[in-house]
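What TrEMBL says about this protein:
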type	residues	note
DOMAIN	24-89	domain 'SseB protein N-terminal'
REGION	1-22	region 'Disordered'
């Protein structure tokens, strides 16, 4: 888990690295907005009560962790600090499997 401010204390950008290389973009679970056009990013509450933005370092990881029917948005990592602030997330979680009942498995 990392802080939304872009620094987890080690100076690392708050994005998982795959194969030792930082990823250029992440995939974030989303749902259709109330107007049917504007997508809304999904936030989850951690066991400690913090509001978390869950992101995935590849589309394959998102499907593996959330199900093949999970809607998503692709976000460049350079835009993450603004996204985190905009949605009000307190923490970022990376490549976390979603529990049953919250996964996008049933079309």
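Glycine residues also receive a Cβ, built from the backbone N, Cα and C atoms like all the rest.
Quantities reported herein were computed from a predicted structural model and do not represent experimental measurements.
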Helix, strand and coil totals (DSSP H, G, I; E, B; other) for the domain 'SseB protein N-terminal' (24-89): 19 helix, 25 strand, 22 coil
Taken over the domain 'SseB protein N-terminal' (24-89), the model's mean pLDDT: 92
